[in-house]
Amino acid sequence: MTIAVGRAPQRGWFDVLDDWLKRDRFVFVGWSGLLLFPTAYLALGGWFTGTTFVTSWYTHGIASSYLEGCNFLSAAVSTPADAMGHSLLLLWGPEAQGDFVRWCQLGGLWTFVALHGSFSLIGFMLRQFEIARLVGIRPYNALAFSGPVVVFLACFLIYPLGQHSWFFAPSFGVAAIFRFILFLQGFHNWTLNPFHMMGVAGILGGALLCGIHGATVQNTLFEDGAMSNTFKGFDPTQEEETYSMVTANRFWSQIFGIAFSNKRWLHFFMLFVPVMGMWTPSVGIVGLAVNLRAYDFVSQEVRAAEDPEFETFYTKNVLLNEGIRAWMSVADQPHENFVFPEEVMPRGNAL
C-alpha cells in the first residue's frame with residue numbers, strides 16, 4: 001500500500017470570495033449583488049429622504065416633501081435647477097462644495113437617485129443572469145427585465161442628456177411622472193409617434209395575453225378531486241401536468257380558427273409582445289431627446305408662419321398641444337419668466 005502525503009492545493013482569495021458570494025443562503029448575493037445591493041439601498045434611501053424632507057422651491061418653485069404638506073401623490077425628488085445643466089452635482093463638486101443642505105437645495109438628490117437607480121436596475125438584471133446560469137436554465141428572465149431597464153435609462157438619462165439639462169427629466173414621484181407625460185405630449189406630440197403606438201400595443205397586448213393565458217389554464221385544469229378549491233385538486237410535487245394543452249388548443253381553434261400548437265411558441269409570444277412594448281417606446285424617447293420633428297406639427301407651424309400659401313389642418317390635437325405648451329411653459333419653467341400676450345394664446349373655433 002502506498003500512502004501519498006502532500007499539501008492541499010492553495011486556494012486564492014478570488015476562489016474563496018467566489019465561493020462565499022455564490023453560497024446557498026436565504027438571500028442570494030452573488031457577484032451581481034456587489035452592484036445591486038449598495039446601489040439599490042442608496043437609491044431607495046435617497047428617494048425616501050428627498051420625498052420626506054427636501055423642498056423643490058429652489059429648483060421648480062414648488063413644495064415636494066411630506067414635511068411641506070405633500071402626500072404620496074404629490075411628493076417627489078425633483079430634478080435639479082435648469083442652470084445646473086448636465087452636471088453630475090457631486091456633493092463635493094463645485095456647485096455644493098460639500099454643503100449637504102445646499103446640495104439638496106440644488107437638486108443633487110435627483111442625480112444621486114437616478115445614477116444609483118440605473119446601476120441597481122442593471123445589477124438586478126445581472127442577478128437574473130447569474131442565478132439562471134447557476135441553476136442551469138435559460139436567461140430569458142434577464143432578457144425580459146431589459147425592458148424596464150431601457151425604459152428607465154431612456155427617460156431618466158438619455159432624454160435629459162439630449163435636452164438642455166437634467167431639469168427636463170422626470171422627477172421621482174407620482175404626479176411628477178404625469179407632468180412628464182403631459183410635457184411629452186405638449187412639446188413632442190408623443191401619442192402620434194409610432195413608437196409610442198407600438199408601446200401601447202405591446203403593453204396592453206401583453207396584459208391581454210396574460211389574462212387569456214391564465215383563464216385558459218384555469219379553464220382546462222384536470223379535475224383531480226371533488227374540492228371546489230382548485231389548489232386542493234393537485235399535488236405540487238406531482239410529475240404530470242394539471243391542465244390539458246390539447247383541450248386549450250381545441251377551444252381557441254374554435255374561437256379564432258387558429259391556436260398555438262405548443263407551449264414554446266405560446267410562451268415566447270408572451271415574452272416577446274410586452275418586452276417589445278417596452279423597447280419600442282424607449283427607441284422613440286431617444287428620438288424625442290434629439291428633438292426629431294417628424295410627428296409634432298411644429299415644423300408645419302413654422303412653415304405656415306413663413307409661407308402664407310402653406311395650409312395646415314388646425315385640429316383639436318394641435319389645439320390641445322398648444323394649450324399644454326402655453327400652460328406648462330409658464331407653470332413648469334418659472335425661472336424663464338414667460339409672459340404670453342393674449343393674441344398668441346390658443347383658442348378653439350367657438351371662442
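The backbone N, Cα and C atoms fix where each Cβ goes, glycine too.
A quick note: this is a predicted structure, and the numbers were derived from the prediction, not measured.
So that you can see what the record holds, here are the features copied from Swiss-Prot:
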TRANSMEM  39-59  transmembrane segment
BINDING   His116  chlorophyll a ChlzD2 binding site
TRANSMEM  123-139  transmembrane segment
BINDING   Gln128, Asn141  pheophytin a binding site
TRANSMEM  151-164  transmembrane segment
BINDING   His196  chlorophyll a PD2 binding site
TRANSMEM  206-226  transmembrane segment
BINDING   His213, Phe260  plastoquinone binding site
BINDING   His213, His267  Fe cation binding site
TRANSMEM  277-293  transmembrane segment
Positions on the same chain near the transmembrane segment (277-293), where near means CB under 8 A and six or more residues out: 146-148, 150-151, 153-155, 158-163, 184, 188, 190, 193-196, 198-206, 299
Distant-in-sequence Cβ neighbours of Gln128 (pheophytin a binding site), under 8 Å, six or more positions away: Pro139, Asn141, Ala142, Phe145
Inter-residue C-alpha distance, the residue listed as 'chlorophyll a ChlzD2 binding site' and Phe260 (plastoquinone binding site) (nearest angstrom): 42
Cα separation, His267 (Fe cation binding site) to His213 (plastoquinone binding site) (Å, whole number): 9
Among His116, His196, His213, the one of these binding-site residues whose Cβ has the fewest neighbouring Cβ atoms within 10 Å: His213
Pairwise CA distance, His196 (chlorophyll a PD2 binding site) versus His267 (Fe cation binding site), rounded so that it is a whole Å: 24
Other CB atoms, at most 10 A from the CB of Phe260 (plastoquinone binding site): 19
Rounded to the nearest Å - Cα separation of His267 (Fe cation binding site) and Phe260 (plastoquinone binding site): 10
Conformational class of Phe260 (plastoquinone binding site) under the three-state DSSP mapping: coil
Cβ neighbour count within 10 Å of His267 (Fe cation binding site): 14
